[in-house]
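All remarks here apply to the structure that follows.
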Amino acid sequence: MVNRDAYNELNLNKKSQETNRKPSPLSSYTSISRELDYANQSPFSSNSFSPTELKARTSATFDVRSASTSPINASDFHKYSHDPFQRLFKAKGNASFSKTKSFPSSVTYSPSEETFPLTSGMNKSVHEYPFTLSESAISSSHKSSIPERRNFDSSVSVSNPLLHWNNVDTLLRDGSLENVNNSRQDQFLPYKTFSSTISNSDFLHRESSFSSLIDEESKLASLRNLNINDRPPLPVLKNSERNLLHRQLLSNHPFFSQNNVSLSTNSKNYSTDFTKIQSDSSLLQNRQQNHRIETDQLSHFPDHLDPSRIPSPYQPSSLQPLESRKLHSKVDVHSKKLNALSQLNPILRSENVLQNDNHHSSLSMDNDPTNVSTKNRNNQTVGEHPYVDDNKKKKKGPAKPKEKATLGKTVNSFFGSHSTSNYSKVPLSAKLTGEKSDDLSNLLKNKGKKKSQDNQIPHLVGFLGHLSTICKDQYGCRYLQKLLDENPKVNASLFFPEIRQSVVQLMIDPFGNYMCQKLFVYASREQKLSMLNGIGEGIVDICSNLYGTRSMQNIIDKLTSNEQISLLLKIIIPSLTTLACDNNGTHVLQKCIAKFPPEKLEPLFLSMEENLITLATNRHGCCILQRCLDRTNGDIQERLVNSIIKSCLLLVQNAYGNYLVQHVLELNIQPYTERIIEKFFGNICKLSLQKFSSNAIEQCIRTASPSTREQMLQEFLSFPNIEQLLDDCYANYVMQRFLNVADESQKFLILRSISHVIPKIQNTRHGRHILAKLTSSTSS
């Protein structure tokens with residue numbers, strides 16, 4: 001006979017493997033049938049197991065035919081964990097389970113068919129659900145806390161209508177289960193109605209515990225007995241009820257008397273017969289009849305209790321917290337209007353009324369409009385009431401043409417209206433102050449309407465002492481320039497002393513520089529020299545400024561005598577290096593080189609020769625030297641070129657100096673070219689590999705004589721690593737330049753020298769261009 005323990009261990013291992021496969025919801029019934037087969041085919045049959053164990057196994061797995069079930073040991077309980085009915089009663093909080101994991105005695109299995117088969121895609125009616133609950137499964141304490149359900153389907157006989165599927169659906173729809181902690185509607189039992197059908201997947205998916213449902217319902221029902229101050233706010237309250245409840249709980253106003261409001265939900269199972277909040281009608285009647293305002297009663301009414309809108313001497317919502325005990329009134333404390341109001345309302349006494357505050361009036365804190373001097377809401381002041389009738393507006397006639405204001409009228413509006421006869425007698429301090437000087441721009445733009453003898457242009461003596469201030473104003477500068485154009489000889493003499501004294505400040509001013517340029521045109525010879533001396537005091541500041549460099553170039557164009565040119569060069573040369581390297585100052589030097597004759601520029605060129613390296617390696621300085629080479633000739637040019645050739649090996653490797661060396665080569669003066677190439681011999685290949693110097697080497701190849709070019713080519717081809725030169729991003733252009741200017745013998749020499757590296761460079765980026773040019777030149 002087979003050992004019972006061995007067979008039991010084999011059977012348990014086999015069943016644990018089936019359980020670990022995580023069967024689908026429908027596969028559990030297959031395992032139930034399989035377990036039945038094992039039980040029937042066992043060699044021990046029913047004699048191998050104890051009656052209690054066999055009854056527990058068979059009744060718990062597939063056929064619970066009796067009204068009660070025997071306890072199941074904890075060691076055997078894991079065997080049935082795949083059963084959906086068992087998982088149904090393992091929910092959290094199920095009080096019906098004991099520590100021995102026994103089923104509740106009220107669970108009965110009542111299948112409509114013998115084996116209750118469930119196959120995929122098959123629907124089962126609610127009448128075929130595998131179990132019902134009897135009243136014994138519900139404790140008496142739970143039953144007492146569950147209200148009676150009135151509407152349910154009586155066609156199906158159940159022990160307790162409330163716990164039927166339809167009742168669960170009703171509870172969910174009514175909102176009674178909305179506040180159940182850690183649960184969702186889709187986690188409850190299926191809540192289909194009796195007439196609907198439920199698929200197998202729905203039935204197996206929607207499973208939970210009736211006991212958990214009962215506990216949560218009891219907790220929810222127990223909230224009805226809480227005090228109003230201890231009751232938590234529930235989201236199921238309607239908006240109007242919640243707002244009303246919050247107003248009553250939070251407000252300390254005597255208008256809101258405390259009411260015992262019962263818990264309100266959306267469910268029809270609970271009564272909503274709580275006491276409605278009733279307002280004190282006497283307060284409202286007194287308010288409407290006598291227009292009285294009780295001091296302690298603020299108008300924080302609910303929407304449905306909002307009193308009728310009546311005229312009020314104040315707006316409570318606009319009061320500050322510290323002023324809430326007093327009333328705002330637009331009337332004065334000692335006015336008759338307040339006395340009349342105080343007779344109707346004793347609250348409106350002088351001690352209870354704040355005095356009229358301009359700040360509050362501007363904020364419109366009263367009910368009546370406060371800004372009575374505006375036409376509309378854009379605060380366009382026209383002296384009319386804001387709600388004036390459009391029909392009563394005065395019709396405007398045709399607009400009168402505006403008369404042009406004269407300059408004299410504008411000046412008189414600034415200095416005061418005086419006649420030309422007595423204008424000079426008025427002290428200047430009385431005519432011009434600091435505040436008026438600041439507002440000069442606005443006053444000069446004013447337009448007059450009448451012409452009179454008093455509106456003539458005053459004598460310029462009235463402006464003396466303040467010309468520099470007027471020149472810095474846009475309209476003042478234009479006005480003074482116009483005066484200069486009208487009477488240049490007299491007015492220039494009057495303006496010059498003050499302009500000369502502030503010439504440095506005016507030359508860099510956005511508006512004053514135009515006055516300096518205009519005055520230099522009408523100034524005499526002595527005045528021009530004096531102005532140049534004044535400019536020399538701040539030549540660097542003037543030439544480095546955006547406005548100063550423009551005014552300085554304009555003055556250079558107006559220099560006519562050698563004396564003026566010599567004086568200007570004498571002023572510029574000490575600051576030559578600073579001005580030549582400046583973005584704005586370089587334009588002043590270029591203007592001098594282009595405007596003055598070369599013989600007058602000799603001091604300037606000699607100064608550049610002394611600072612050649614500094615200027616040649618600067619972005620703006622190299623441009624100045626190139627302009628000098630173009631303007632000079634003879635000895636001056638030779639001196640500059642000698643200085644450049646002397647340092648050409650250093651300059652050719654500089655980002656800006658190489659342009660100066662190329663400019664000397666572009667002069668196409670053969671002695672200069674040969675001297676430069678002689679400086680490069682021995683470094684042709686190294687210079688060809690560099691970015692800046694390779695451009696100068698190409699320029700040497702173009703301008704060199706044939707004999708000199710052949711010497712350069714031999715040095716280039718004799719480089720040990722010729723492949724590096726041919727494939728270099730800069731040196732390959734030097735080789736292409738050799739091929740462009742080489743004759744037949746030189747091309748043959750190039751082909752013979754690079755033939756051994758052609759297979760290596762024919763597929764490179766730069767080597768392909770060299771071979772293509774070499775092939776085209778040899779074939780032609």
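Each Cβ is built from the backbone N, Cα and C atoms, and glycine gets one as well.
On a predicted model such as this, the values are computed, not experimentally measured, just so you know.
The compositional bias 'Basic and acidic residues' annotation in Swiss-Prot covers 298-307. Residues annotated as compositional bias 'Low complexity' in Swiss-Prot: 311-322. As annotated by Swiss-Prot, compositional bias 'Polar residues' applies to 358-382. Residues or ranges marked as domain 'PUM-HD' in Swiss-Prot: 435-778. Per Swiss-Prot, the feature region 'Disordered' maps to 1-29, 298-330, 358-411. Among the features that Swiss-Prot reports, repeat 'Pumilio 1' is placed at 462-497. Annotation source Swiss-Prot lists repeat 'Pumilio 2' at 498-533. Marked as repeat 'Pumilio 3' by Swiss-Prot: 534-569. Feature annotation from Swiss-Prot assigns repeat 'Pumilio 4' to 570-606. Annotation comment: Swiss-Prot describes 607-642 as repeat 'Pumilio 5'. The repeat 'Pumilio 6' annotation in Swiss-Prot covers 643-678. The repeat 'Pumilio 7' feature in Swiss-Prot is assigned to 679-714. If you look up Swiss-Prot, you'll see 715-752 marked as repeat 'Pumilio 8'. The annotation repeat 'Pumilio 9' is assigned in Swiss-Prot to 753-780.
Secondary structure of the repeat 'Pumilio 2' (498-533), assigned with DSSP and counted as helix (H, G, I), strand (E, B) and coil, comes to 29 helix, 0 strand, 7 coil.
Residues 500-501, 503-504, 507-510, 513-514, 516-517, 520-521, 525, 528, 575, 578-579, 582, 584-585, 587-588, 591-592, 595-596, 600-601, 603-604 of the same chain lie 6+ residues outside the repeat 'Pumilio 3' (534-569) yet bring a C-beta within less than 8 angstroms of a C-beta in it. Regional average pLDDT for the repeat 'Pumilio 9' (753-780) in the model is 82. Across the repeat 'Pumilio 7' (679-714), DSSP classifies residues as 29 helix, 0 strand, 7 coil.
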